[in-house]
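*Asks:* Structure in C-alpha cells, see below.
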Amino acid sequence: MGCSKWRAAFNFGHLRVQSKLSVFFTMIILFTYLFYCLNGFCDSLPRPVYERQSGFQTKMILKDGEEESTQQHNASQVSFVRGQLSDFSNTDVASNISVANTFGSKKFPQAIIIGVKKGGTRALLEFLRIHPDVRAVGAEPHFFDRFYEKGLAWYRNLMPRTLDGQITMEKTPSYFITKEAPRRVFSMSRHTKLIVVVRDPVTRAVSDYTQTLTKSPGLPSFQNLAFRNATTGLIDTSWSAVRIGIYAKHLENWLHFFPLSSFLFVSGERLVTDPAGEMGRVQDFLGLKRVVTDKHFYFNQTKGFPCLKKPEGSSRPRCLGKSKGRPHPQIPSEVLLRLRDFYRPFNLKFYQMTGHDFGWD
C-alpha cells in the first residue's frame with residue numbers, strides 16, 4: 001500500500017516537472033519568434049509600425065531624411081495603413097510619420113515643384129506634407145540639373161516609399177530655369193505634374209539678393225549687380241537674381257515638352273495671404289482630397305507669413321526656419337521702378353501664357 005502511494009506521488013511529481021518544462025520551452029519558442037518578427041525577419045506577421053520623426057525644425061530648413069517602408073503587401077493591409085494615416089492628419093503629424101519596413105515601394109515622383117527660387121517652394125512643400133497621401137523628399141535632389149549622370153535608378157532610390165494611392169513628390173526650384181530639365185523630366189515621364197510657385201519678380205530678386213548677402217556680407221550693392229550701366233539703366237540679365245524672374249522665357253522652354261495642362265502656377269503672394277485657398281487649388285491639381293484647410297494655419301505677425309498650428313502634444317507651432325522671412329535691405333525706389341519697368345512686358349506675356357493675371361503690375 002505504501003509503495004503504491006509512493007509511486008503515485010512520484011508519477012504526479014514527474015508529470016508536474018514535465019508540464020513546467022513544456023511551458024518553459026513553449027515560452028522560449030514564443031519569445032524567440034516574437035523577437036525575430038519584431039526585427040523584420042518574419043514575413044508571416046505583417047504589421048504597421050508608426051514612429052514620430054524627431055527634429056521637425058531640421059526638416060523645415062532643408063535636411064530631413066525620411067525612414068520609410070520597404071515591401072508592398074495586399075490591398076487590405078494598404079487600406080488599413082492609409083486609414084491610420086488619415087486619423088493622424090487632423091493632428092498635423094502625418095508628415096512626421098514613417099511606416100516601418102513592411103509597406104510601400106519607391107517610385108519616380110508623380111509631381112515635382114520645379115520653381116521658383118525664393119517664390120515660396122519650401123512653404124508649399126511643408127504645407128503639402130500635412131496631407132497623408134503625400135510623401136516627399138526633404139532635401140532638394142537636384143537630379144535634373146546637377147546629378148543627371150547618376151542615372152534614374154539613383155534618383156528613384158532617393159524617393160520615400162509610398163503606398164497605393166499616395167503621391168511621391170520632390171522640389172528643386174532651379175529646374176525651372178535649367179535648359180535641359182524639361183527634356184530630362186519628359187524622358188522620365190510625360191505625365192509628370194509640374195508645380196511652379198511664382199512671385200512678383202522684383203520682390204523675388206530682392207529676396208534672392210538678401211539671401212546671398214547673408215552668406216557673403218561683402219557683396220556689392222543690389223543696384224550695382226542689377227544694372228550693367230547705372231547711367232543708362234540697362235539691366236544685367238546675366239545676374240541670376242534678375243534672370244530667374246523672366247518667367248515667360250523659362251516657361252517657353254518647358255512648353256516645348258509639356259502641355260499647359262501639366263502645370264499649376266501657384267501665387268507666392270496668395271500662399272502668404274490665403275494659404276488654405278491656394279492649398280485647395282494644389283490639392284485639386286494633384287487629385288487629392290482637400291485635407292489641408294484653414295484649420296491648419298495661423299498668421300505669424302513676427303515672421304510675416306503663415307505657420308502651421310501646433311499638433312497635439314507639441315509645445316509650439318511649426319514655422320519655417322530662421323532663414324525664412326528675413327528683413328530686406330533698403331533699395332532705392334528709383335532702382336525698383338526701373339526693374340519693374342523691365343519686367344512689365346515679360347509679366348504681361350507670362351499672364352497671357354498661363355491665362356492668369358498675378359497682379360504684379
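Just so it is clear, glycine is given a Cβ too, placed from its N, Cα and C backbone atoms.
TrEMBL labels come from automatic prediction, so no person has curated them.
Checked TrEMBL, it gives:
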TRANSMEM  21-41  transmembrane segment
DOMAIN    109-344  domain 'Sulfotransferase'
ACT_SITE  K118  active site, for sulfotransferase activity
BINDING   K118, G119, G120, T121, R122, R199, S207, K324, G325, R326, P327, H328  3'-phosphoadenylyl sulfate binding site
DISULFID  C307-C319  disulfide bond
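Could you place the listed features in the three-dimensional structure?
*Replies:* A mean pLDDT of 94 is what the model gives for the domain 'Sulfotransferase' (109-344).
Residues within less than 8 Å, Cβ to Cβ, of K118 (active site, for sulfotransferase activity) and separated from it by at least 6 positions along the same chain comprise R199, R204, S207, D208, Q211.
Counting Cβ atoms from all protein chains shown, C307 (disulfide bond) has 20 others lying within 10 Å of its own Cβ.
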*Asks:* Would you kindly give the Cα-Cα distance separating C319 (disulfide bond) and R122 (3'-phosphoadenylyl sulfate binding site), rounded to the nearest Å?
*Replies:* 11
*Asks:* For C319 (disulfide bond) and G120 (3'-phosphoadenylyl sulfate binding site), determine the Cα separation and express it in whole Å.
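*Replies:* The separation of the Cα atoms works out to 13 Å.
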*Asks:* Which residue, out of the binding-site residues G120, P327, shows the minimum number of other Cβ atoms inside 10 Å of its Cβ in this structure?
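*Replies:* Minimum Cβ neighbour count within 10 Å, taken over the binding-site residues G120, P327, occurs at P327.
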*Asks:* Would you count the other CB atoms within 10 A of the CB of R122 (3'-phosphoadenylyl sulfate binding site), including those on all shown protein chains?
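*Replies:* Looking across every protein chain shown, the total is 21.
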*Asks:* Rounded to an integer, what is the Cα-Cα distance in Å between P327 (3'-phosphoadenylyl sulfate binding site) and C307 (disulfide bond)?
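*Replies:* Counting only the Cα atoms, the answer is 17 Å.
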